[in-house]
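Student: Straight from TrEMBL, here's the annotation block:
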type	residues	note
ACT_SITE	Lys13	active site, charge relay system
ACT_SITE	Thr58	active site, charge relay system
BINDING	Thr58, Asp59, Phe166, Arg183, Val247, Gln248, Asn274	urate binding site
BINDING	Phe166, Arg183, Val247, Gln248, Asn274	5-hydroxyisourate binding site
BINDING	Asn274	O2 binding site
ACT_SITE	His276	active site, charge relay system
Amino acid sequence: MSSIQLTHARYGKQAVRVFRIVREDKWHTVVEYNVTALLEGDIAESYTKADNSVIVATDSVKNITYHLAKTSPHILHPERFALHLGTYFVSKYAHIHKSFITVEQLRWKRIDVNGQENSHSFWRDGDEKRLVEVVVDATQGKETITASVSAGISDLLVLKSTGSAFENFIRDEHTTLAEVNDRIFSTSVDLKLTYAPFSVTKNTALDAFKLSDELSAEGTAWDGNAVVAKARTATLEVFAVDESASVQATLYLMAERILAENKHVQTVSYTLPNKHYIPVDLRYAGIDNLTPSAAEVFVPVSAPSGLISATISRQLSE
Ligand SMILES: O=c1[nH]c(=O)c2[nH]c(=O)[nH]c2[nH]1
């Protein structure tokens, strides 16, 4: 008889919804996060022997998440909060060797009243999310903990009405698509940046968490709010001004600019659906709506869409 074994085990809480107000007198700042916190370690017997004595209840995982949302000085910085939370789990529990924290931040933007930012009123600025993924790895022991951080954005919907062509692709017996030198280009940007792994020290303080000066310098994962904001600007600006030969070519230019502007970013990954807009054929009415310069009425096609993705990495020797 063949034997079986547990080859992978990870558990925790997902979709922990956290809303936090930070008050500086009457000036309020708010964040809304969806947090997932998953754990690995010496937990096999909870699966194989029904032994719950190794389980930090997922309810406790949720409680720790809310506790830190109250006490962590880093709550307004999703990378820092995720690092604090992930390091806490592997530091507090001897048998937990790895934590996986993801934070999805929703967009609350301050309302402008007569050109002035209101101190306590916000609006939901679209479906875009800011994403952070942190893995805290203590499998080499609690004195040599390493953290890996990736961060980015998802669901940033963009469209340009010209400055995009698609020509010179393979034409064979399967081809029906016409070449176009002017088309609509629309995509929903998913962007992920990764940083080189770094070491963190064991930390069970619920109200403090620090990295070295070097690891918390400008442009590091610790500075993620600024890095992601800059990457977002680069994405939008390149998208807007590039005379796009294809989604692929524009994607590469965006990633190239992010790597050039952010020396601590190691890799840039984009996933870009090509959200097609098809000019309506009005020839039956004697109207030209098909030649690119005359195309004004389009059908937004929700499916299928192209799907273009790539990862662009910094050469290790750089
Ligand atoms: O930018 C594009 N890349 C493609 O690979 C592709 N394929 C396609 O049909 N249209 C497009 N557009």
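In case you wondered, yes, glycine gets a Cβ from its N, Cα and C as well.
Note that the coordinates shown come from a computational prediction; the quantities given were computed from them, not determined experimentally.
Any idea what these are sitting next to in the structure?
Tutor: According to DSSP, Lys13 (active site, charge relay system) sits within a strand segment.
Its Cβ taken as reference, Thr58 (active site, charge relay system) is surrounded by 16 other Cβ atoms within 10 Å in the chains shown. Under DSSP, Thr58 (active site, charge relay system) is assigned to a helix (H, G or I) in the three-state scheme.
Shown in sequence order, Leu177, Glu179, Val180, Arg183, Ala245, Ser246 are the residues of the chain, 6+ apart in sequence, with a C-beta less than 8 angstroms from the C-beta of Phe166 (urate binding site).
Annotation note: Phe166 (urate binding site) sits in a strand segment as assigned by DSSP.
For Asn274 (urate binding site), the same-chain residues that are 6 or more apart in sequence and have a Cβ closer than 8 Å to its Cβ are Phe185, Ser186, Thr187, Val247, Ser305, Gly306, Leu307, Ile308.
According to DSSP, His276 (active site, charge relay system) sits in a coil region rather than a helix or strand.
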Student: Could you list the residues of the same chain, at least six apart in sequence, whose Cβ is under 8 A from the Cβ of Gln248 (urate binding site)?
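Tutor: Within the chain, Gln248 (urate binding site) has Cβ neighbours under 8 Å at Ile308, Ala310.
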Student: Hey, what's the Cβ neighbour count for Val247 (urate binding site) at 10 Å?
Tutor: 21
Student: Of Lys13, Arg183, His276, which of the recorded positions has the most Cβ neighbours inside 10 Å?
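Tutor: The residue with the most neighbouring Cβ atoms within 10 Å is Arg183.
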Student: What is the total of other Cβ atoms whose distance to the Cβ of Asp59 (urate binding site) is within 10 Å?
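Tutor: For Asp59 (urate binding site), the 10 Å Cβ neighbour count is 9.
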Student: In the same chain, outside Phe166, Arg183, Val247, Gln248, Asn274, whose C-beta lies within 8 angstroms of the Cβ mean position for the 5-hydroxyisourate site?
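Tutor: For the 5-hydroxyisourate site, the extra neighbours are Ser164, Phe185, Ser244, Ser246, Thr250, Gly306, Ile308.
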